[in-house]
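*Asks:* First the structure, which I've put down as structure tokens, then a few questions once you've had a look.
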């Protein structure tokens, strides 16, 4: 498999969005929702050339008549038939390439079950006939994208958050922590607190509206209690949002109450530690000699770290937990929404990486378990 003349494909399958494109590019060509929609009612649209399923943006735009499903939950693929549909859509409709002509780099969640990486490998070689493939851990790619090989990545997407300490390019599995609290939970929480104000959002279609409100208006307060007092005493923090039907709603303290759940999961009725404490706990599980390097390289990654104010708050909270003399640095690259994909694009275009691919020949010889030997 000579990777010189053929461009590799990089696909980052997130719980909420799929990011896909070509190795060597500086941004993904295609970014679309990781959803598969099926009609709720059969045959209401006569002559529409009805399909039995829709993927991505098309599913999103027809959401009023569809039931939407996410095949990736908490970062891990749970529905392989739908996942195959998403990959098919990625190759043929979004990138318009023949998968049998390009090596494919896929990403996976930290601590992804072994059976899952095998299944991914099997589908790529057997269903799509790719000449070569590789599976890389998402957080490691984010760190590469920030130009580092050592640091701790706090990756928070739509379905799951992880803190992943990485030393000299290797993730330290014993210190990786997973937090099942991410963008989708924050959207649900915002739906709940808006409902308390008398606005009703219930369907899967309305959830997408609330997600948009969250992405456009929410922010992280540096001091939550103080922000609550400010919000109570003045309307300075209020913003208005126009719904698709023209109704205008006003949103006040919900703007920062929503992402506050990242730091106080008890808001969602969860007993776990917040993202700051989880980051600290991850660092404490590492060898004492490398902690200084981790504290000095805390890299934020994923769409749920895009809230304004999150880096300052993280700095404040970690400083309170860490030894008083410790230098703490939070790195929040502006492109962090796509840093996993960007890291994959960098990795797959390195000349030194070309011997790392799992080739079709190796797969035919060893079967799906080859992935554990070659992808670390």
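Quick reminder: no glycine exception, Cβ is built from N, Cα and C everywhere.
Grabbed the feature section from Swiss-Prot, which reads as follows:
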type	residues	note
MOD_RES	2	blocked amino end (Glu)
MOD_RES	74	tele-methylhistidine
SITE	85	site 'Not N6-methylated'
MOD_RES	202	phosphothreonine
MOD_RES	203	phosphothreonine
MOD_RES	204	phosphothreonine
*Asks:* Hey, how far is residue 74 (tele-methylhistidine) from residue 85 (site 'Not N6-methylated'), Cα to Cα, in Å?
*Replies:* 19
*Asks:* If you count other CB atoms within 10 A of each CB, which of 203, 204 wins among these modified residues?
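*Replies:* Per the Cβ count, the most surrounded site is 204.
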*Asks:* In whole Å, note down how far the CA of residue 85 (site 'Not N6-methylated') lies from the CA of residue 202 (phosphothreonine).
*Replies:* 27
*Asks:* Are there any residues in the same chain, six or more apart in sequence, whose C-beta is under 8 angstroms from the C-beta of residue 85 (site 'Not N6-methylated'), and if so which?
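*Replies:* Same-chain residues close to residue 85 (site 'Not N6-methylated') (Cβ under 8 Å, separated by 6 or more) are 36, 53, 55, 71.
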